[in-house]
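Copied from TrEMBL, the annotated features are:
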type: BINDING; residues: R31, 70-74, Y83, 115-119, T141, S147, Y244, K259; note: substrate binding site
type: SITE; residues: Y83; note: site 'Important for catalysis'
type: BINDING; residues: Q140, T141, G142; note: hydrogencarbonate binding site
type: SITE; residues: Y244; note: site 'Important for catalysis'
Amino acid sequence: MNWKSAGAFDDILFHQAEGIARIAINRPEVRNAFRPQTVRELMDAFHQAHMDSSVGAIILTGAGDQAFCSGGDQKVRGDDGGYHDEQGVPYLNVLDLQRQIRGLPKPVVAMVAGYAIGGGHVLHLICDLTIAADNARFGQTGPRVGSFDAGFGAGLLARTVGIKKAKEIWFLCRQYDAEEALAMGLINAVVPLAELENETVKWCKEMLQLSPTALRVLKASFNADTDGLAGIQELAGNATALYYMTPEGQEGRNAWLEKRAPDFGKFPRRP
Ligand code: 2NE
């Protein structure tokens, strides 16, 4: 792939090519742990990829082959309720990023080499698909390091691997290799490290051949029950957008703009 830079950031790399956006956490010296700035930059890049109509699939990964992401940067974790930004403000902005990825109406694929641990494990879980290298290792550490993600980190994990396995993952803080993760339905494929990007791009290109609206509505539908009313809102927003594209929907707007009664009688009441 001839990746081209799509923006300059400090903590992440952002590239695009052939309809695919590639976003990489670039803090390999801390196994791609995220600090508030990292998350802010990720949210900027995801927003750009969201709004860019030439982008049909997004890869989230980590720089290097040692780690996808090792979660929150414990060196900037304060005593006052979050990870400190440059101004010392404590915040758990990774939760905003999780919701952003779920609400983003394009497939997001986690490309995992090395560790996906702690909050980094939750990030791969949030992604729609996960392709892992054979050196990947997965796990939660919260109860060991004095943390937990009782939102998607617990609930979505249980829906993904089953409640017993999810409790095991959180209660014992073990690590699982890529084959174990595949066997429990936590990831979609395992490939040799050297093949990781080729395989991930191949999956993205397959999706790029498919109907973007179908993928968009399916993503919202997979999230709808888990995300409650916010999930139904995502799904319903697609219905509204499609309705706006119909002559029936446009008749309502046109009638109001033209200060006349709408004529909905000409539209069929379909069975
Ligand atoms: C990731 C793991 C298993 C890698 O082990 P290894 O042996 O390959 O590397 P090492 O030597 O542990 O780490 C290399 C460097 O990266 C730093 C280390 O401190 C070390 O730097 P030096 O000390 O040599 O200077 N590093 C690694 N992970 C870091 C982190 N998360 N924050 C800051 N520095 C980090 C192993 O490193 C590991 O277990 N890391 C910790 C994983 C972890 O517990 N993450 C936080 C979970 S809580 C969370 O993410 C969270 C949440 O629960 C709720 C909301 C938001 C976030």
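Backbone N, Cα and C define each Cβ position, glycine as well.
Predicted automatically and left uncurated, TrEMBL annotations should be read as such.
Calculated from their C-alpha atoms, the gap between Y83 (substrate binding site) and Q140 (hydrogencarbonate binding site) amounts to 18 Å. Taking the Cβ of Q140 (hydrogencarbonate binding site) as reference, residues of its chain lying under 8 Å away and at least six apart in sequence are, in sequence order, I117, G118, H121, V122, D149, G153, I169, W170, C173.
Annotation for Y244 (substrate binding site): spatial neighbours Q250, criterion Cβ-Cβ under 8 Å with sequence separation of six or more.
In this structure, the binding-site residues that sit close to ligand 1, with a C-beta under 6 angstroms from any of its atoms, are D73, T141, G142, chosen from D73, A116, Q140, T141, G142.
Taking CA atoms as the reference points, A116 (substrate binding site) and G142 (hydrogencarbonate binding site) are 13 Å apart.
Taking the mean position of the Cβ atoms of Q140, T141, G142 as the hydrogencarbonate site, the remaining residues of that chain whose Cβ falls within 8 Å of it are G71, I117, G118, H121, G139, P143, R144, V145, S147, F148, D149, W170, C173.
In the three-state DSSP assignment, the secondary structure recorded for R31 (substrate binding site) is coil.
Taken residue by residue with DSSP, Q140 (hydrogencarbonate binding site) is part of neither helix nor strand, so it is coil. Cβ neighbour count for R31 (substrate binding site) (all protein chains, 10 Å cutoff from its Cβ): 21. For the pair formed by D73 (substrate binding site) and G142 (hydrogencarbonate binding site), distance between Cα atoms is given as 13 Å, rounded to the nearest Å.
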